[in-house]
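Features of the protein shown, as given by Swiss-Prot:
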SIGNAL    1-20  signal peptide
DOMAIN    198-394  domain 'Peptidase M12B'
DISULFID  Cys309-Cys389  disulfide bond
BINDING   His334, His338, His344  Zn(2+) binding site
DISULFID  Cys349-Cys373  disulfide bond
DISULFID  Cys351-Cys356  disulfide bond
CARBOHYD  Asn372  N-linked glycosylation site
DOMAIN    402-488  domain 'Disintegrin'
BINDING   Val404, Asn407, Leu409, Glu411, Glu414, Asp417  Ca(2+) 2 binding site
DISULFID  Cys416-Cys429  disulfide bond
DISULFID  Cys442-Cys448  disulfide bond
DISULFID  Cys447-Cys473  disulfide bond
DISULFID  Cys467-Cys499  disulfide bond
BINDING   Asp468, Pro469, Glu471, Asp483, Val484  Ca(2+) 3 binding site
DISULFID  Cys492-Cys504  disulfide bond
DISULFID  Cys526-Cys572  disulfide bond
DISULFID  Cys539-Cys549  disulfide bond
DISULFID  Cys556-Cys598  disulfide bond
DISULFID  Cys592-Cys603  disulfide bond
Amino acid sequence: MIQVLLVTICLAAFPYQGSSIILESGNVNDYEVVYPRKVTALPKGAVQPKYEDAMQYEFKVNGEPVVLHLEKNKGLFSKDYSETHYSPDGREITTYPAVEDHCYYHGRIENDADSTASISACNGLKGHFKLQRETYFIEPLKLSNSEAHAVFKYENVEKEDEAPKMCGVTQNWKSYEPIKKASQLVVTAEQQKYNPFRYVELFIVVDQEMVTKNNGDLDKIKARMYELANIVNEILRYLYMHAALVGLEIWSNGDKITVKPDVDYTLNSFAEWRKTDLLTRKKHDNAQLLTAIDFNGPTIGYAYIGSMCHPKRSVAIVEDYSPINLVVAVIMAHEMGHNLGIHHDTDFCSCGDYPCIMGPTISNEPSKFFSNCSYIQCWDFIMKENPQCILNEPLGTDIVSPPVCGNELLEVGEECDCGTPENCQNECCDAATCKLKSGSQCGHGDCCEQCKFSKSGTECRASMSECDPAEHCTGQSSECPADVFHKNGQPCLDNYGYCYNGNCPIMYHQCYALFGADVYEAEDSCFKDNQKGNYYGYCRKENGKKIPCAPEDVKCGRLYCKDNSPGQNNPCKMFYSNDDEHKGMVLPGTKCADGKVCSNGHCVDVATAY
């Protein structure tokens, strides 16, 4: 039985209008002072654990009472979590600290469906919560013999530099397909049954400049990294992702690479070190370097796109440019989003009334929301590229997170989970037991209507292309059947292409996606450039070397398009970027001749390819 702690925060709530105070988060010029008083609900004589699994905090914000519900983030650390630093003489020191009884929580505000919270309860309460669509921060004031805390808004923190900050990735994403509904981009029923989430094992590296910035206080650095990881973990849940911290390395006796303001150089150097050094010592899926170096220009983060699970490129670099944890954690999640195949948002992407996390310019208001575009691109990457490293289930030495009834996550042993009894809005689910109510066949799923299985034949997943037929309910389950595609190699689009993994890839669509309307497949003569084997014209890469196309394979290298748009007359237009050399290549499965498709940079017979 989880013991519940009730803490009443008595407010001597007086905003200091016009006055300021220096906190860990910076110079704050408008805040409320609160004095937490812990009132335990444990039975008399019971032993109180150091950090409870679940807690409630009652307090007031702007004179209004609120109740903050918190649950320990038991998936924050992997069971084999390790920490490495270096002695003054350069010796590597690795430890495996006990992290089960940690003090990092996620939560929500009672009766506020849009609320979220990420709190450290290690030494007082530190973190942030969202209440009535506004983000508030709470932090101990650290006055002698006082339990005083400050509550304040981000807008009241003085900024050292008001100049706009940006991600260094310069690519934009365009789509020739209509926006897909989130319900159509789901993991198969079999995958959902055993593993509804994807699990990213995150490794954080802290450079020497960060150590200097923190006066060599390794404990302070560790606490900050835990807080950042706790927030990143919370943010990624919007994508049905779970980031567990598997390791932390602090370059306390000098950097292992040369960290420069040049983000291209630093990202590539870190990626190479990760591949040749870190991966040989510690299994992980993704690594991020946090540095106090000031990157060139307004850039504060940089990453490879669509590289999750790659032995070298599943990395990102982030500048620790703000003392506010939420701000830096948002950048970390943004860059990991790039690794997960997400590009920057464009004008047609939406997060409702909130700024989006994947905007190219960092918003003045920290946002934890991914747009509809981000969701689509992430799961499109996962379903098409199938990165294997994030499929491992949270068992054994992986994430330790037992089911918790009432957290609105469907976990092992639960038939449904609609939140707490006071917040549950699912008429099929008993919130107290996380079991279906009597007479209910289901409580969720694309084939569940009014607590009953949908009739057999009801469409539950629309056709997304000629090669992807619609799926229909069976009448025996609440889940939509697994997404089934037509056989690879089946002709499609009036024989202009062949089916490949549910799509019908043709060069016209790929040109449209890269350059927009009035752009078409170029003449055959343009593709001869792919025989050069130079930085852009090649068919494939082997051990880092670009292999020129054989004459019969030229249509399976770089894509060339004819641009007839107003003001343009480019018969051999192509796309190339140092950030993502693969973008602009002809996609696998594309028709390259009658009866032939592209496969690994070769134009081969359909029967051979499939």
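In case you wondered, yes, glycine gets a Cβ from its N, Cα and C as well.
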Under a three-state DSSP reduction, the secondary structure at Asp417 (Ca(2+) 2 binding site) is coil
Looking only at the disulfide-bonded residues Cys373, Cys429, Cys467, Cys473, His344 (Zn(2+) binding site) has its closest CA neighbour at Cys373
Note on Zn(2+): the CB centroid of His334, His338, His344 has further same-chain residues inside 8 Å, namely Cys167, Val169, Gly301, Ala303, Glu335, Gly337, Ile342, His343, Met358, Pro360
Per DSSP (helix/strand/coil reduction), Cys373 (disulfide bond) sits in helix
Check: min Cα-Cα distance from Cys499 (disulfide bond) over disulfide-bonded residues Cys429, Cys549, Cys572 goes to Cys549
For Pro469 (Ca(2+) 3 binding site) and Cys416 (disulfide bond), the CA-to-CA distance in whole Å is 30
Asp468 (Ca(2+) 3 binding site) has its Cβ surrounded, within 10 angstroms, by a count of other Cβ atoms equal to 20
Cys492 (disulfide bond) to Asp468 (Ca(2+) 3 binding site), Cα to Cα, whole Å, comes out at 11
Students should find that the Cα atoms of Asp468 (Ca(2+) 3 binding site) and Asp417 (Ca(2+) 2 binding site) sit apart, in Å rounded to an integer, by 32
Min neighbour Cβ count (10 Å) across disulfide-bonded residues Cys349, Cys549, Cys598 flags Cys349
Expressed in Å to no decimal places, the gap between the Cα atoms of Cys572 (disulfide bond) and His334 (Zn(2+) binding site) is 34
Across the recorded positions (Cys356, Cys448, Cys473, Val484, Cys556), the Cβ with the fewest other Cβ atoms inside 10 Å is that of Val484
Smallest Cα-Cα separation from Asn372 (N-linked glycosylation site) among the binding-site residues His338, Val404, Glu471, Val484 is shown by His338
Smallest Cα-Cα separation from Asp417 (Ca(2+) 2 binding site) among the recorded positions Cys309, His334, Cys539, Cys549, Cys592 is shown by His334
Per DSSP (helix/strand/coil reduction), Cys504 (disulfide bond) sits in coil
